[in-house]
Structure formats: C-alpha cells, structure tokens
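Everything on this sheet refers to the single structure shown next.
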Amino acid sequence: MSAAMDTESTYSGYSHYSGHSKKAHRQGRDRHKSPRSKDGSRSEKSVTIQTPPAEPLLGNDASRAEEGQDDNWGETTTAITGTSEHSISQEDIARISKDLEDSVGLDCKRYLGLTVAAVLGLLVFLTPIAFILLPQILWRDDLEPCGTVCEGLFISVAFKLLILLIGTWALFFRQPKADLPRVFVFRALLLVLIFLFVFSYWLFYGVRILDSKDTNYQGIVQYAVSLVDALLFIHYLAIVLLELRQLQPMFTVKVVRSTDGESRYYSLGHLSIQRAALVVLENYYRDFTVSNPALLTASKSRAAKHMAGLKVYNVDGNNASGQSRAMIAAAARRRDSSHNELYYEEADHERRVRKRRARLVVAVEEAFTHIKRLQAEEQQKAPGEMMDPREAAQAIFPSMARALQKYLRTTRQQQFHSMESILQHLSFCITNNMTPKAFLERYLNPGPTLQYDRDRWFSKQWTLVSEEAVTSGLQDGVVFVLKCLDFSLVVNVKKIPFIKLSEEFIDPKSHKFVLRLQSETSV
C-alpha cells in the first residue's frame, strides 16, 4: 500500500524526499483515506512525468490536447518526454554571426562613450588644481605674497570641488539600464560644452598667465575659483536638461501588445523616441501580464479545423477563380453557426477551470494545515521532529502537486512554473507565515513578467521601428513599434490637450430654500 501511495505522489522530476516528507505525506493520505475509498480505481492509478532537470513543471504538449480530454485524464495518462535533434542552416549561422558582431559593436560604443566621459571628467577636476599649483612650481620666488585671502580661496575651491564631485557621481555615474541605438543628444551636448569651456580656460591661462609669468598669485587663485563656479552652473544646467525637463507630463502614449491586444496608457514628458521606448519597456515588464503564446493556439486550431473542411476543385484546369470565390462564400454561409461552437467551448473551459481551481484551493488549504510554527520553548522539547522551511515545503508539496498540475495545464501556465520555482515560493510563504490564499495568488492570477524567471522570459533584445529619427522628440501622432521575438508593442503618442479653466463665484448667502407643502403630502 505504501508503494502505491509513493507511486501516486511521483511528480515531474522529484524522485526522493526526506524522511519528514514521506512521513507527512503518509499521514495526509491516512487522514483522507476514507473519502477516496469511494472510487477504488482512483487509488491505484498514477501519473509519471519524466522531464530533464530545471525544465518547466509541465510539458507544452499537454496544453495542445487539453480540449479533448476529460476531467480524469491525468489519472490514467503517462507522458514521457524525450530528446530531439535540431539542425542549423547557413542562414542561421550568418544570423548568429551578425548578432555577435552587433553586440560587439554595441559594447565598443558603450565603453568608448564611458571612456571619453571619464577622461573629460578627470580633466575637469584636475584643471583648477593645476591652475593653482603651476605658478608655485614654475616661478615660486617671483610670486607676490597672498596671505589669508588665498587661504580662504583654497578652502572655497576645495569644498566646491567636493560638491561638484558628489553631484557628478550622483548624476552621471549610474549603471546603464539599456543600450540605446543612438547617442543621447543632451548628454553629448553637455560633454561638448564642457570640453569647449575647459579648453577656452586653458587657452586663456596659457596666453595670459604662463607666457607672461604673472606674479599676482591672488588673481590666479581667483581665476581658478571662477572656473569651479562656472562648472557648478554647468552641472545645474545638466540637472535641468537631463532630469527636470522630462518630469512635466506633455504626452499620453497608448501601448498595445500585438498578440492579445492588451493595452496600457502612460504619461510622458519631453523625451526622445528612443528614451520614450525605454520608459515604455520598463513599464511593460511591470504592468503587462506575461505573454502566453499557448492561449493563442486554441483560436488558431479552431480556425484551422474550420478551413480543413473547405475543398475547392478546378475540374478542367481553366481559371475558375470566380467559381472558387462563390464556393468559399457558400461555405462561409454554411458555417455561420460556428459561434455556437465557440460559445460552448468557452463555457466548458470556464467550467473546467472553476472546478480545478476549487480542487486546488482545497488541496492547498489542507496541506497548509499540516504545518505549524514551533515557538522557542517548543523547539527544545521535540528537536527530532523539527524541519526547516525547505523541508516543510517538500513535505507538503506532494499532497497539492496533482491539483496544481491539472490547474496549470488547464489554464496553460505550465511553461511558466518549474518545480523548483514552486518549491522556492512555497518555502518562502512558509517562512513568512503566509496563508494558502497568498501562496495561490501567483498561480490563480497571471502576473507581470517580473514575477517569473528573468533569464527565460525577459527579451534579450528589442528592435525599435520608427519612421521618425529616434533622437527626435515626441510629437502628436507619432507611432513607433517595439519588436521582440514573439510579439511587438505598438506605441501611439497623443499630446495632452490644452485645458482652459474659468472661475465662477457663488455667494454663500444665496443658498436659500423654501419648503413647498401640498395637501397630499404627509408633512
């Protein structure tokens, strides 16, 4: 009997549990032995799914045959996955080599920009110090004494450079979030402005001070202080252009996913098209539900099934396009009743989802009743029966695995959840004293892409398609598309309309009322 129970709890790649797991599972089976004895054949059947490690919890093939299966199909089905051989063509090799070249080009462009910015920043911070030290090194004996005034200017330059260093680190030294196709225009303009500004200061310093060996050291120090002040103003200009300018909402963008039509609206400020695309993608991973291609297979298979029964013949080999169109129109009229089939299919699917959802909720609530958090004094009494959250999750997981497997297959979410991710989420819920409802929230309601495995569901590369230059600003009516491997995001830009408000004053003393009494009223 124990072998049958262990066989029934076999599930998707886990073949062994700890002693605590088997003990808890056996106790749960014994507790519910009498209700399950009503169906004698059910206790003898099992599901064996062999999948490679670190693969999804359920196979994709199960979702394709879901429509033609009854509610008890999982009790008598054995699904075995095997290995497959893949071939690669010359076109694939050329495409892969092109992708590698593009990635190398993007990395070179990114590191080149960082190198130029770092060299220019180092030149900016060393220039005021060089202005002060060069006269002391070259013609120290000829300099006029400066005294207390120069010492105060030294302190001013030191603190201003410190403030400038902190502000530059906070504004520019950030980890890049994305590789944009074009250079950021405002950032490039600021770098050019800083270079011209520092170059002009060096030119004036070389002509008026180094060549003539000016002996007025106080004037030289004040010249360095003026350079630092100007750099602080340029930093303020950078904050306005890079951060503050885009904060005020000026445009509303509608983002539509091409596969299922899910849409969201966002408000953006003055941004270029490429930076607006970056903001859209950041919000997409947070707000949109994960793209599930398996949900589209049902409609495609239904359309293919209807078109499979349509046959067009060309008897004598002549051009019979008109006759073919007439036959297609007649067949379409005969198939006008297909909406009834769609209605009953959706109703049956909703009924099956509700049924398996209820089974899953009951199974999870029952499994959570076997877990009890021990207090400090209880841990000393029974040290042999204690389990950590991982062991507790492995102990109660077999009792809910069957119901969770069926529900994920019915809702076509099996490719998003591996067994390891479910165990990690279960142990996380047990650690933080979360309820069964909190554990089920991830599986009952499809979440955004951020909720799932980052390496598998995040698109590695997006392609920005736009008729306008990607460095140009947003305008009313601009449309651009963000493409990835499986779908695309269509973004439509609309300008927020100008709103004119008028004021109307109401005198508080004008709120006077009269009670009207009629003979029919009861007042």
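Every residue, even glycine, has its Cβ placed from backbone N, Cα and C.
Under the heading region 'Disordered', TrEMBL lists 1-86.
Feature annotation from TrEMBL assigns compositional bias 'Basic residues' to 19-35.
The feature compositional bias 'Basic and acidic residues' is assigned by TrEMBL to 36-45.
The feature compositional bias 'Polar residues' is assigned by TrEMBL to 74-86.
Residues or ranges marked as transmembrane segment in TrEMBL: 111-133 (among others). Beyond its flanks by at least six residues, the transmembrane segment (111-133) meets 154, 157, 161, 164-165, 168, 172, 183, 191, 194-195, 198, 201-202, 205, 220-221, 223-225, 227-228, 231 of its own chain at Cβ-Cβ distances under 8 Å.
As annotated by TrEMBL, transmembrane segment applies to 153-172 (among others). For the transmembrane segment (153-172), the residues of the chain that approach it from at least six positions outside its boundaries are 117, 121, 125, 128-129, 132, 218, 221-222, 224-225, 228-229, 231-232, 235, 238-239, 242-243, judged by C-beta separation under 8 angstroms.
Annotation comment: TrEMBL describes 184-204 (among others) as transmembrane segment.
Residues annotated as transmembrane segment in TrEMBL: 224-244 (among others). If one looks beyond the transmembrane segment (224-244) by at least 6 residues along the same chain, the residues whose Cβ comes under 8 Å of a Cβ in the stretch are 124, 127-128, 131-132, 153, 156-157, 160-161, 163-164, 167-168, 171, 186-187, 189-190, 193-194, 197, 201.
Non-local neighbours of the transmembrane segment (184-204) in the same chain are 116-117, 120, 123-124, 127, 227, 230-231, 234, 237-238, 241-242, 272, 275, 471; each lies 6+ residues outside the stretch with a CB under 8 Å from one of its CB atoms.
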